[in-house]
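According to TrEMBL, the protein carries these features:
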type     : residues : note
DOMAIN   : 103-355  : domain 'Cytochrome c assembly protein'
TRANSMEM : 12-31    : transmembrane segment
TRANSMEM : 75-97    : transmembrane segment
TRANSMEM : 103-124  : transmembrane segment
TRANSMEM : 131-152  : transmembrane segment
TRANSMEM : 172-198  : transmembrane segment
TRANSMEM : 270-292  : transmembrane segment
TRANSMEM : 304-322  : transmembrane segment
TRANSMEM : 329-351  : transmembrane segment
Amino acid sequence: MQYLILENFFSNTSFVFLFVTMLFYWIRTIFFPESWNYTNKSNRQSVKSSERTISSISAQGIAGDALSKVHGNRFGTFCILICNLSLAGQLVCRWIISNHFPLSNLYESLIFLSWGFTLSHILLEKIMSSPLIGSILAPSALLTSSFAYFVLPETMKKATPLVPALQSNWLMMHVTIMILSYAALIAGCLLSIMFLVLNSTYDPAVLGSKAIESTPGAISKNTENYNFNTTVTSIDANTSYPISNDKVEITNLSDFNFQKGLDNISYRSLSIGFSLLTIGIISGAVWANQAWGSYWSWDPKETWALITWLIFATYLHTRLNYGWEGKKPAFIASGGFFIIWVCYFGVNLFGKGLHNYGFWN
């Protein structure tokens, strides 16, 4: 009884803090858009490069602005950490109550997936400290856990004994790795979708000398929209003499760097998710051979897992071997987002096969 009360406490705590976290990141993203353009790596590079072109005072100003943004994200990081620990506590209580690893039905897997989203948030925020990450992953975790809490029938929420097919040590390894792979892949796909949205509105303004009058090397201290100005000399192809000197200003460079950072962490998240998915499929094949006498039976879940694997193998292949970056691989990842949900959720709702036990009757 004590563990049931604790489980209920942890579920309520995680729901409240996920809701607060989502509101915090949404407000920060909508009303403070200047906080988007801070990444740990690119900021250090920006400060180093600016030290070569401007005075140390300006560099300190930029670093100070970046530091204030880091402090501004601490509340969100604290909340998402509480969510992560609360969901973990709920799963531990569930484990103790049921006497088996809590991944035997849809309710438990959704809670674990929500925990995976919070873990992805914490890890990705170490790479790129931007409220945009929280504004995407916090609602993902909230919607996932809310579906488990409020939509699933009460009979599915109760801890029940394992069916014979799941009474194996492979349950912890195979299902855990698969759910974590889904969390990492979905996070990477959502970041790719956000990249496409931001890229569609991005306009790298390039202005000629007639349109601007500015000081070379000037960097704004109050914003991170750095304006780099230079002189471009046109050369006559026949005489090799200069024809004209034009000033060129490139604005919104930090927006460009931010989008590259977004594309980069999406790539990292998808790479981790793909690696976990590969391990999960292999471990599942070994388990299937022990349980059913066949490594592969073209079960609907197995088939869609293979389709998911091929989609993201294509994504990584184009990036690694063809040097694709930005929009092209992001479109592949966006399509993969829907494939993952079909594999994880749709097959269990509508498909029939060996993986349907304990999910939805």
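The backbone N, Cα and C atoms fix where each Cβ goes, glycine too.
Bear in mind that TrEMBL entries carry predicted annotations, made automatically and left uncurated.
Quantities reported herein were computed from a predicted structural model and do not represent experimental measurements.
The highest tally of CB pairs under 8 A with the transmembrane segment (75-97), across 103-124, 172-198, 270-292, 329-351, is held by 103-124.
Looking at 12-31, 131-152, 172-198, 304-322, 329-351, the range that has the most CB pairs within less than 8 A of the transmembrane segment (270-292) turns out to be 172-198. Most Cβ pairs under 8 A with the transmembrane segment (329-351) among the ranges 12-31, 131-152, 304-322 are made by 304-322. If one looks beyond the transmembrane segment (12-31) by at least 6 residues along the same chain, the residues whose Cβ comes under 8 Å of a Cβ in the stretch are 72-73, 75-76, 79-80, 82-83, 86-87, 90, 114, 131-132, 134-135, 138-139, 141-142, 145-146, 149. Mean model confidence of the domain 'Cytochrome c assembly protein' (103-355) amounts to 80 (pLDDT, 0 to 100 scale).
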